[in-house]
Amino acid sequence: MTVHITNINGMAMNSVAQNAQNMVVDFAKQLGMNEFGIYVYHWTEEPLQARSTRFDGIIASLNGGDTVIFQSPSWIAIEWDQALIDHINLYPNIKKIIFIHDVIPLMFEVNRYLMPQYIDYYNKADVLIVPSKKMYDLLRENGLEEKPYVVQHFWDHPATVNYFITPENNKIINFAGNAEKFDFVKKWDCQNVKLKVYSDPVNNDSEHNVELTGWKHDPVLLEELRQTGGFGLVWSEEPYWSEYMKVNASYKLSTYLAAGLPIIVNSTTPEAETIKNKHLGIIADSLDEAQAKVLQINDEDYKQMVDSVNNFSSLIRNGYFTKKALVDAVVKAQYNN
């Protein structure tokens, strides 16, 4: 029995979606899994015969009795994803695992109408890997059949950090996100806590205590986060996206942890209890509360947080959450079904 896993290519260099899938496959290969490479393309009028031929090329190494892990979504189209899993079902005794990275109808309100198609797709799986128990419960409320599942908990983020640099208790909140998409960046006005945003365009707004550093490649970003110190922020005030954050695993959160920074999250974040119990950061339900807690924390408490983050982040830097999710899912598919 061979375990195969899909992997997308062809998106932008800074695509988080592609980088996440590529990272998962790097760890999967360490476990002896085989890659099914998928080039992301958009051809809505693609003839069925051409698509079928494309599928045959992607899964050329598949044999009956194998296990296939589908990283979802493919970012091509849900109809394409459904057709691929149906094509693979032509082979006998294939175990199918869907690793849910994102649920597009929950991400974007304009795509909510696609939810029944996504549920139908997930129902084709023998096992699901979900970002959180909350996500599984929400999908069940929307028609998902009861089935075995594995909870991812955290994204991994492979990194080599410079331990000669220790994050310091600077009154800075770091945000690795697009400044144009988050209104709180434009509204920031706190003279005692600086907001440092890793987004284009480069701009230093000293009047509102906001610095835009420009987009950074991952190794550069992690190094600068570590040098800057302070906290990493996972936040949104956009209602639909905020609801999604309650059930999804944040890649951004793991970026901060991999860099060695304590984090700031909302109390509704799926892993908020873990973050609180393991002293990985601050729980706050408003930016005013977050700013106040950043100002209150002393150097000794901050150092304890940094030490806790460094201990915990070794799991994230070395892929243990991904590897465990993959192995647990394969065992559930092959042993428990």
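Note that Cβ sites are derived from N, Cα and C of the backbone, with glycine treated the same way.
Note: TrEMBL annotation is automatic and uncurated.
Features reported for this protein in TrEMBL:
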type	residues	note
BINDING	K181, S250, Y251, K252, L253, S254, T255	UDP binding site
DOMAIN	2-154	domain 'Glucosyltransferase 3-like N-terminal'
DOMAIN	173-329	domain 'Glucosyltransferase 3-like C-terminal'
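S250 (UDP binding site) falls within neither a helix nor a strand when secondary structure is assigned with DSSP, and so counts as coil. Taking Cβ-Cβ distances under 8 Å and a sequence separation of 6 or more, the neighbours of S254 (UDP binding site) in its chain are F154, W155, D156, H157, I316.
Along the domain 'Glucosyltransferase 3-like C-terminal' (173-329), the predicted structure has mean pLDDT 94. Within 10 Å of the C-beta of K181 (UDP binding site) we count 11 further C-beta atoms, all protein chains included. The Cβ of L253 (UDP binding site) has 27 neighbouring Cβ atoms from other residues within 10 Å, across all protein chains displayed.
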